[in-house]
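K.L.:
Right, I'll just put the structure down here and ask away after.
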Amino acid sequence: MANLIITKPLLALRGILIFPGMIANIDVGREKSMAAIDAAELTDKQIILVGQKQAEQEDVTAADLYEWGVLATIKQKLQLPNGAVRLLVEGLERVHVLRAAEVHENEQDFFVGEVEVVPADDAVDAEAEGLRRLLLDAFEQWVLLTKKVNPDTVQSLKSRADVSKVPDIIVGYLTLSLTEKEELLEMAPLKLRLRKLYEILVREQEIADVAKNISEQVHQQVEQNQKEYYLREQIKAISKELGENEDVQAEIAEYKEQMSKLKMPQNVAEKINKELGRLAKMPPMTPEGAVIRTYIDSLLALPWGKFTKDNFDIDKAQDVLDKDHYGLKKVKERILEYLAVRALSKSTRGPILCLVGPPGVGKTSLASSIAKAIKRKFTRISLGGVRDEAEIRGHRRTYIGSMPGRIIHGMQTCGCMNPVFLLDEIDKMASDFRGDPASALLEVLDPEQNNSFSDHFIEFPFDLSHVFWIVTANAVDTIPPALLDRLEIIQLSSYTDEEKVKIAQLHLLPKELKLNGLEKYKVSVSEKAIRRVIHDYTREAGVRNLERKLAGICRKVAFKIVKGKGKGAQVTEKNLEKYLGPVIYLDDDISLKSSVGVANGLAWTSVGGELLKVEVLAFKGKGNLTLTGQLGDVMKESAQAGYTYIRSRAEALGIPANFGETMDIHIHLPEGAVPKDGPSAGVTMVTAMVSALTGKKVKGKLAMTGEISLSGKVWPVGGIKEKMLAAYRYGVKTVLLPKRNMQDLDELPENIRKEMQFIPVEHLDDVLKLALEDKNE
């Protein structure tokens, strides 16, 4: 009976051959190969796999392929990240390629092969059975010798009924050349394959036996080397006992010379001498010797008794502070007060200041300027994200790779006992199973304890009382109360527009011109342009984004100069968009028209003040109060308290007494995706509710802030400066605020106090009289 002739998509293989009965992964990346896979998947998922003669050849023709291959089925297809495809295929039968040609179908080019299927010959006579047993015995010996294959595989092959698949499966376990594998693939007769593979296995056994002997010789050599190393170490120990170890003695002498230059405590010197004695008695290359050296180096790196001389010239210190930072009067006054006290007193105890303020107001850079003003060295560590107590106190020496904590490391770096030490972002610390770093800082920042700070690695008290500690935080809410109690809080408020303009002109713009190589060119940015950058392109409490925008302008100018399109630039209000693009922040959506149920509140955030719209709708219902806009619990309670107050005063306010049973009220605070909380919107929500219930408009050019009580009293709130600056920025010139907050207005610049009207209120009746318009207006 003639063999079956079929036509199927053909896939050229590089460096691999698949045999009948074999299951294997193939990575495919060439376009023709992927097209052949697609064509096979459209039919019965059968494909012809044929090896190419030259594996490195990228673009092949039919002449570059072997004449024998295998008919396989695609079991699984996986798309790889690099665009290639990984196939899981199973070989079915040998095929003899009669003709291979390239075709174009479905807008793709791929090979198609016309092949003759050569079915497996499982008829076994005495000769074939003898060869099968020899082959399996030889394979079993090879498996035991190399240990590369599970022995259960041999038993599985012995029990197979389809004898023709046995040699094909064994080939998959052997490391053979592509030529040998192709030769076995082309051997269709079973006896020929069994005989050929048996010869190959005998050869592989001999190779494995030689490899085993070589491996044993290498192991013996390694053992001999280890023995020699041990003997050498013994010789070194004998030399040491005889006083021949000059290197260790020289090292010890160097350590003692360093000790003599330091004013360290007696107990520390005794400990170092003890460790040096241990070091002298042990071989130089031992791990314990390295630990001792690290410990001694850490102790000697500390600035025992080294102090820098402070600058007590208050005028010069003030000049330095004013040169580096504009404004910030409170902080500068506190530094100058410290210098005055140090000039009059012999006490060297340093203060512990905590600079609290929004991002970008200059907390970190101010600490560096303080060090420059008082002529002290400056060191800084960032505590943001620190969770491990060992970061502060260090690791105990029993642990491998242990080292001092970051406090001691900072003291080693600065090289003196009285630096300005900055602990940055103290409010960003966290705690977990490794301890609480905030609790570890209690000892560092407590004036009564930090004269004997104990690091786990150093194991000796170290005096930190001379350090000028400066701590920075964006908010004090997340600082533990015990730690907060040890800090002297200095609030750094948001900058006003006037302050930002001055900072840009005096500091930021000269700095960016220098960084961008524009000092020698005629580059100017007008004051109006800077004001527009502040108003239209940045919205922040500090000046960090303002600096970025000025840097962007300088880069544009530098590019223009390098391109030969000018020798400078004049940036004005009119051409600003050429440098910074379209305006980012538009205030057009903040309407100041009088409206029913809409009132202007004032909010404080970590990035400054904001104008907050409160919208209220009143409609027929059953007395439900709905609150939306991601309001926090405190704000929800303020709304509920205000609603209760209105119900208790309904008739006096001109509202039907039964509105709580016949009307629903919905309070919404845009933007809905931004969480909001706090009590300061209480008066605003009450005003908007009364407006919605009475139909009276709320004055659009008026804003308000204040906490409310059930009795209608208006209580003081925080963030007054930031809130007033926000009102001024949005064009609101009249503000209602609690009477007890009037004293906080002293923090505002004088020009803003003159331009705005601040009306003190003590009761909600006062607020409603001032905020609501009469219906006939």
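Cβ atoms here come from the backbone N, Cα and C positions, even for glycine.
Because the structure is a prediction, the values reported are computed rather than measured.
So TrEMBL says this about it:
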- 8-205: domain 'Lon N-terminal' (DOMAIN)
- G357, P358, P359, G360, V361, G362, K363, T364: ATP binding site (BINDING)
- 593-774: domain 'Lon proteolytic' (DOMAIN)
- S680: active site (ACT_SITE)
- K723: active site (ACT_SITE)
K.L.:
What's the number of neighbouring CB atoms sitting within 10 A of the CB on K363 (ATP binding site)?
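P.N.:
Step by step: centre on the Cβ of K363 (ATP binding site), count other Cβ atoms within 10 Å, giving 26.
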K.L.:
I'd like to confirm something. Which of the recorded positions, G357, K363, S680, has a Cα closest to the Cα of K723 (active site)?
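P.N.:
Looking at Cα distances from K723 (active site), the smallest one goes to S680.
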K.L.:
Suppose we draw a 10 Å sphere around the Cβ of G362 (ATP binding site). How many other Cβ atoms does it contain, all chains included?
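P.N.:
The Cβ of G362 (ATP binding site) has 24 Cβ neighbours within 10 Å.
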K.L.:
By a simple count, how many Cβ atoms lie within 10 Å of the Cβ of P359 (ATP binding site), its own Cβ left out?
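P.N.:
So the Cβ neighbour count for P359 (ATP binding site) comes to 14.
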K.L.:
Cβ within 8 angstroms of the Cβ centroid of G357, P358, P359, G360, V361, G362, K363, T364: which residues besides those meet this for the ATP site?
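P.N.:
So the additional residues around the site are L355, T472, N474, L492, A541, G542, R544.
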K.L.:
Among all the protein chains here, how many other CB atoms are within 10 A of the CB of P358 (ATP binding site)?
P.N.:
22
K.L.:
Rounded to an integer, what is the Cα-Cα distance in Å between S680 (active site) and V361 (ATP binding site)?
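P.N.:
On Cα coordinates alone, these residues lie 24 Å apart.
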K.L.:
If I take every residue in the domain 'Lon proteolytic' (593-774) and average their pLDDT values, what number comes out?
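P.N.:
For the domain 'Lon proteolytic' (593-774), the model's average pLDDT rounds to 88.
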K.L.:
Are there any residues in the same chain, six or more apart in sequence, whose C-beta is under 8 angstroms from the C-beta of G357 (ATP binding site), and if so which?
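P.N.:
Spatial neighbours, sequence-distant, of G357 (ATP binding site): K363, N474, Q491, L492, S493, S494, A541, G542.
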K.L.:
Using a 10 Å cut-off, grab the number of neighbouring Cβ atoms around the Cβ of G360 (ATP binding site), all chains included.
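P.N.:
For G360 (ATP binding site), the 10 Å Cβ neighbour count is 20.
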K.L.:
Fewest other Cβ atoms within 10 Å: which of the recorded positions V361, T364, S680, K723 wins that one? Let me know.
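P.N.:
Selected from the recorded positions V361, T364, S680, K723 on minimum Cβ neighbours within 10 Å: T364.
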